[in-house]
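Visitor: Structure below; questions to follow.
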Amino acid sequence: MNPDLRRERDAASFDAEKLTYILDGGSERTRRRREIENLILNDPDFKHEDLNFLTRSERYEIAVRKSATMVKKMRDFGIADPEEIMWFKKPQLINFVEPVGLTYSMFIPTLLDQGTTAQQQKWLPPTQGLQIIGTYAQTEMGHGTHLRGLETTATYDPKTQEFILNSPTVTSIKWWPGGLGKTSNHAIVLAQLYTKGECYGLHAFIVPIREMGTHKPFPGIIVGDIGPKFGYDEMDNGYLKMDNYRIPRENMLMKYAQVKPDGTYVKPLSNKLTYGTMVFVRSFLVGEAARSLSKACTIAIRYSLIRHQSEIRPGDPEPQILDFQTQQYKLFPLLATAYAFQFVGAYMKETYHRINVDINQGNLNELPELHALTAGLKAFTSWTTNSGIEACRMACGGHGYSHCSGLPNIYVTFTPTCTFEGENTVMMLQTARFLMKSYDQVHSGKLVGGMVSYLNDLPSQRIQPQQVAAWPAMVDINNPDSLTEAYKHRAARLVEAAARNLQAEMKHRKSKEIAWNFTSVDLVRASEAHCHYVVVKLFSGNLSKIDDKPIQAVLTNLCLLYALYGISQNSGDFLQGGILTESQLTQVNQRVKELLTLIRPESAALVDAFDFQDVSLGSVLGRYDGNIYENMFEWAKKSPLNKSEVHESYHKHLKPLQSKL
């Protein structure tokens, strides 16, 4: 054990193990998670070479082998609960890339969400047994986030009671679905439904794409891998082109919308029910953002505790680089953000499951807010995490650029989250639509609930000159609840400003849609402010649920740092709204620096509490034992270029060149 890390852990004021229990939702859940993780971590069947030294084809083959082995092991161990399946997979799937993964993350959830009881009875058993390997084919070459623009067609033929699927243009080719290229034999395809000469919009269809047994594509199916990407080397993201490909009528998922044998269309209770899988995945991605940022912070903070560099005072020993205030300022706000997102992820998972029960009982009242919240928070957390991982990499100096740090892999694996399941700017604009509708409701005298209930107070919140001096005295920068109120007022102000700007644009634009485009920057800002408020509110609200006083004290400091750092980065909003004065902003900046000092001795234990095993962290710099330099040297020696003392290129190219000089 590195002596610096041992000393840092001993100096913490709280028990990291107890904080792990809080993050997991209880000590029993921690025990069970570790029990399941150890089943795979101690299994020799999952040992393999460092993926960094393998070709893409080799990486894909290993990922498929591991996936197949995992399925067998899960059957042997009787692991069937969705959360326990995730616990089992994550230690070996570094950064969560798995060719068969969409079978569990999208294919089965869509079947459960949109399939009838009969369809579930038919398709679930072979899918759970992995005779059916599924993917989710929504995105096309020419359209992604704009779902209504998707071009793939499914035309009903009442004579044969079949749907005829076509990719009518090159831009309609399905593009990007994970596992589609070489792994999957079935896909849930989203296509424009045509029956009796009418188009009824997007619907989901189960489409067999490869023959069972031979795995060859069926006639009418052209399918393959889209080629190398920025990351995700183990994943065979694919393309799918269909030419007059027929499937039975029963392959349309018909829990909500239906097509009768004669072609009669029965519409669903709500068109948004079709988007249930996306809402599920977006709520899941908030938790993944927390996990990825927590990993990056763990690596960067442990490295910063081990790395000694430069001098603070001439002649003194080289300090740990985490003793530099600038390094703390880079990393501790991100650490606070990682904890904030942990609580937001837990809230989103709980909220999705609660509202999904209501939806299955026909109660759609909370669906609009769930859709808006998952869209906005998916964008907010993934944008923040994406830039945060890169900040952690740069905080590790030159070594952060090496794959041995694990940070490049975390980054390239996470960064597509900003564009898949909805491009983030468009997601923010979807949230903005809900905010504008809620604002209009309040403006017309109705009350709104949920996370937008702060809009009910808008008439009394409109800042008048005499109120500006009175309001700031109410903000206590050492009180998370008071800071939550400040964020609430900021969100309300920016939502109202966007609504007024939209109304002003509508007066001299040709249509509401054009006015919307000319207000879109303001609308995105309003959505960001709303999401920022939600995160502060949820972080602050969880503090009172913590009984352990030392842990509560440390998390309170993290919550304060998260909120105050956010104010310092968006100071104009708080000044313009009359929420804070200039002198208070000076106090905010000073308090941020004080909090860095308070968090410094707790930092090792705070990242230990995330409880990442070295295998799942995949980093030499972030090793639990801190022995980074010895292992960095051993890692480098494994490079394929080092297999021979003299590389063959010397004899082929350099030696002949030198002989002619």
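Cβ atoms are placed via backbone N, Cα and C, with glycine included.
These numbers come from a predicted model, not from an experiment.
Feature table excerpt (Swiss-Prot):
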type     : residues       : note
MOD_RES  : Lys89          : N6-succinyllysine
BINDING  : Thr139, Gly178 : FAD binding site
MOD_RES  : Lys241         : N6-succinyllysine
MOD_RES  : Lys255         : N6-acetyllysine
MOD_RES  : Lys272         : N6-acetyllysine
ACT_SITE : Glu421         : active site, proton acceptor
MOD_RES  : Lys437         : N6-acetyllysine
MOD_RES  : Lys446         : N6-succinyllysine
MOD_RES  : Lys446         : N6-acetyllysine
MOD_RES  : Lys512         : N6-succinyllysine
MOD_RES  : Lys637         : N6-acetyllysine
MOD_RES  : Lys643         : N6-succinyllysine
MOD_RES  : Ser649         : phosphoserine
MOD_RES  : Lys652         : N6-acetyllysine
Visitor: Between Gly178 (FAD binding site) and Lys637 (N6-acetyllysine), how many Å separate their Cα atoms?
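Guide: Roughly 33 Å, rounded to the nearest whole number.
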Visitor: Where's the emptiest Cβ shell within 10 Å among the modified residues Lys241, Lys255, Lys437?
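Guide: Per-residue Cβ counts within 10 Å for the modified residues Lys241, Lys255, Lys437 bottom out at Lys437.
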Visitor: By Cβ count within 10 Å, point out the most packed of the modified residues listed: Lys89, Lys512, Lys637, Lys643, Lys652.
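Guide: The residue with the most neighbouring Cβ atoms within 10 Å is Lys89.
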Visitor: List nothing but the one residue from Thr139, Ser649 whose Cβ has the fewest other Cβ atoms within 10 Å; the candidates are the recorded positions.
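Guide: Among the recorded positions Thr139, Ser649, the lowest count of other Cβ atoms within 10 Å belongs to Ser649.
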Visitor: What subset of the recorded positions Lys241, Glu421, Lys643 lies within 10 angstroms of Lys652 (N6-acetyllysine), using C-alpha positions?
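Guide: Those near Lys652 (N6-acetyllysine) - Cα within 10 Å - do not exist; the answer is none.
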Visitor: Checking your reading of the structure: which of the recorded positions Lys241, Lys255, Glu421, Lys437, Lys637, Ser649 lie inside a 10 Å Cα sphere centred on Lys643 (N6-succinyllysine)?
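Guide: If one measures from the Cα of Lys643 (N6-succinyllysine), the recorded positions that come within 10 Å are Lys637.
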Visitor: How many whole Å apart are the CA atoms of Lys446 (N6-succinyllysine) and Lys437 (N6-acetyllysine)?
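Guide: That separation, Cα to Cα, works out to 11 Å.
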Visitor: Looking only at DSSP and grouping its letters into three states, which state does Lys241 (N6-succinyllysine) belong to?
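Guide: Going by the DSSP assignment, Lys241 (N6-succinyllysine) falls within a strand, counted as strand.
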Visitor: If I take the alpha carbons of Lys89 (N6-succinyllysine) and the residue listed as 'active site, proton acceptor', what is the distance between them in whole Å?
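Guide: Each residue's Cα considered, Lys89 (N6-succinyllysine) and the residue listed as 'active site, proton acceptor' end up 22 Å apart.
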Visitor: Going by C-alpha distance, which of the recorded positions Lys255, Glu421, Lys637 is nearest to the residue listed as 'phosphoserine'?
Guide: Lys637
Visitor: Given the recorded positions Gly178, Glu421, Lys446, which one is most crowded in terms of C-beta atoms within 10 angstroms?
Guide: Glu421
Visitor: How far is it from Lys637 (N6-acetyllysine) to Lys241 (N6-succinyllysine), counting Cα to Cα, in Å?
Guide: 45
Visitor: What is the separation, in Å, between the Cα atoms of Lys437 (N6-acetyllysine) and Lys512 (N6-succinyllysine)?
Guide: 14
Visitor: Between the Cα atoms of Lys512 (N6-succinyllysine) and Lys255 (N6-acetyllysine), find the distance and write it as a whole number of Å.
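Guide: About 35 Å separate the Cα atoms of these two residues.
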Visitor: Rank aside, I only need the closest one: which of the recorded positions Lys241, Lys255, Glu421 has its C-alpha nearest to that of Thr139 (FAD binding site)?
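Guide: Nearest by Cα distance to Thr139 (FAD binding site): Glu421.
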